[in-house]
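Attaching a single structure in structure tokens format; questions to follow.
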Amino acid sequence: MGLQLVFIGTIALCLVVSSAVLERFEQALKQDGSLSFLVIGDWGRKGAYNQSKVAFQMGVIGQLLDIDFVISTGDNFYDSGLTGIDDPDFDDSFTKIYTASSLQKQWYSVLGNHDYRGNVEAQLSPVLTNLDKRWLCLRSFICLFTFFVSEVAEFFFVDTTPFVDKYFIEPKDHVYDWSGILPRKQYISNLLKDVDLALQQSNAKWKIVVGHHTIRSAGVHGNTDELVKQLLPILEANNIDLYINGHDHCLQHISSFDSAIQFLTCGGGSKAWRGVVNWWKPEEMKFYYDGQGVMSVKVTETEIDIVFYDVYGHVLHKWNTSKQLHASW
């Protein structure tokens, strides 16, 4: 195993190179031992559908929280991803939109189904990072955040689009870029093994998984059955804390009686207001908002604080959980 320092964005990341498929980045927490970030999804529309307004509020919130990075839950560029590394949509929907000084931090991005309708390799290309140093998009990867010798939070970014059968069986008039995915069954099998192994080996206090597609959702897309059957058992077995996704264009928080996992949807980066809210058990549905907005998360060794905001910066929902720093004897 080799170790190489990689400078991406405005922070120094440590990329651990191993035989595993999943690349793994490491970063130290701030001196106070905290980590703050924003989550946005389903956004890239050249500022339209309130994308610019959400971006403005992200800048304000990011400044107040002194965020360390931003997570994008996918569908980064509508309607059909990027055509290539020289596609002006990258500039028009990303660089020119998220201009606030507080947002000039690392962006960790996964791919959504709309991104797969374009040139996938373009979004994954380091050429885009050269154009805007904030940009980091990979299919699946890991980020570990440490405080001295303590592993505080580990993020597992999972490429969920290849799991969904209908994109292969009934693509309608859409053309998907499956280069690097086929044979699909082997790709999914390897990914599930890699995620399971990485979760098993994690010593982090908090385990957070990020993907584009929903696992639990009352929105128009509902649950993603393929992820419920194949990915969720792995997440439950490894006692993850949060599953963060986009895909449904809403803001949402669902808990579960089956595990401690919190299912958090943040797909309100631009076009929203679908007008569809399916029934859900009231005791599990903590929050649902059928509109645009953003989510903030603050993590310490003992606590996680989550806040959802609307396009005007109003607080819509708060949630907190805690863990003991040391075991009781």
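The backbone N, Cα and C atoms fix where each Cβ goes, glycine too.
In TrEMBL, annotation is done automatically, which means it is predicted and not curated.
Not my notes, these are from TrEMBL:
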BINDING   ASP42, ASP75, TYR78, HIS249  Fe cation 1 binding site
BINDING   ASP75, ASN113, HIS212, HIS247  Fe cation 2 binding site
DOMAIN    36-250  domain 'Calcineurin-like phosphoesterase'
SIGNAL    1-20  signal peptide
Could you give the Cα-Cα distance between ASP42 (Fe cation 1 binding site) and HIS212 (Fe cation 2 binding site), in whole Å?
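Computed Cα spacing between ASP42 (Fe cation 1 binding site) and HIS212 (Fe cation 2 binding site) is 9 Å.
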Could you measure between HIS212 (Fe cation 2 binding site) and TYR78 (Fe cation 1 binding site) for me? Cα positions, answer in whole angstrom.
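Per the Cα atoms, HIS212 (Fe cation 2 binding site) and TYR78 (Fe cation 1 binding site) stand 14 Å apart.
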Just give me the nearest neighbour of ASN113 (Fe cation 2 binding site) among the binding-site residues ASP75, TYR78, HIS249, Cα to Cα.
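So, spelling it out, the nearest of the binding-site residues is ASP75.
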Other than ASP75, ASN113, HIS212, HIS247 themselves, what residues in this chain have Cβ atoms within 8 Å of the centroid of the Fe cation 2 site's Cβ atoms?
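So the additional residues around the site are GLY41, ASP42, THR73, GLY74, LEU111, GLY112, HIS114, ASP115, THR160, THR161, HIS213, GLY246, GLY267.
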Same-chain residues six or more away whose CB lies under 8 A from the CB of HIS247 (Fe cation 2 binding site)?
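Sequence-distant Cβ neighbours: GLY41, ASP42, THR73, GLY74, ASP75, GLY112, ASN113, HIS212, HIS213, THR214, SER217, GLY219, HIS221, THR224, THR265, GLY267.
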May I have the list of same-chain residues other than ASP42, ASP75, TYR78, HIS249 whose Cβ is within 8 Å of the Cβ centroid of the recorded Fe cation 1 site, in sequence order?
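Near the Fe cation 1 site, beyond ASP42, ASP75, TYR78, HIS249, sit GLY41, TRP43, GLY44, ARG45, GLY112, HIS114, GLY246, HIS247, GLY267, GLY269, SER270, LYS271.
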